[in-house]
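Copied over from TrEMBL, here are the features:
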type     : residues    : note
REGION   : 1-26        : region 'Disordered'
COMPBIAS : 8-23        : compositional bias 'Polar residues'
BINDING  : 73, 97, 102 : substrate binding site
ACT_SITE : 184         : active site
ACT_SITE : 289         : active site
């Protein structure tokens, strides 16, 4: 599948300090000469840290399990091939909520700086990390539950003030497959009462707090004053922005996909989740998640899908 904004190749720079990448204890850590960094667990290929200008942009629960025993509460878990509880009478119906990508161990495929996309202007100010997951690497339970031959490549590109995460899905089998995908990003913010989310005006959303009823966003900005769990479909504007105290904080641009989820558990739901700590952590996080979750994406044999996000951090 061709994408009109497919990342273009860049020429690596041979001068000056270069990005550094190393792996340790089941994680891959990359850093730039600027000090910006990203940390990715092989378990789930979950981004658990992204620092820009010395500031952490990703929220992870103090009680999150980082040992591969369960999906990480926080970070950027990958939802695939189903979003939420899978529907009955569907090919994903035997899978757990949110599928298997976030609780499978991925393979680190290596680093590069020659095709780092929109974020890069030279090989010394960006680095791309690739992670892979194929049907052969799934647990036996997952293979039985979803018996398709597929290949996933998840690319995490770190650049100065920016992070790009792209998921490539290839159907390697002989029969068509259907899937949903979502990058369940937990952003760290200073104070939820001072945050506004912009770029969703006039968009239609499913409100899961209100029994999955359909509504339309009537205001240009969304403030969080209670539990929020909304699925915005087919958003016409590519970028959803998070402001703090009226100032730009993060710009989240969808690339190849048009849906987003906005989530904050607020007081009672945070208390009910055993791995959500501290319990008032909802004041310090907001989920703005990009994906393809409105219906199903169908891939015929041999076809490929690619979608993800580019996030810009404002100091």
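Heads up, the Cβ atoms here are built off N, Cα and C, so glycines get one too.
For the pair formed by residue 97 (substrate binding site) and residue 184 (active site), distance between Cα atoms is given as 13 Å, rounded to the nearest Å. Using the Cβ center of 73, 97, 102 for substrate, the list of other same-chain residues with Cβ within 8 Å runs, in sequence order, 70, 71, 72, 77, 79, 98, 103, 184. In sequence order, 76, 77, 78, 79, 98, 102, 261, 287, 289 make up the list of same-chain residues 6 or more apart from residue 184 (active site) whose Cβ falls under 8 Å from its Cβ. Shown in sequence order, 60, 61, 63, 64, 65, 273, 275, 276 are the residues of the chain, 6+ apart in sequence, with a C-beta less than 8 angstroms from the C-beta of residue 73 (substrate binding site). Between the listed recorded positions, namely 97, 102, 289, the fewest other CB atoms within 10 angstroms of a CB are found at 97.
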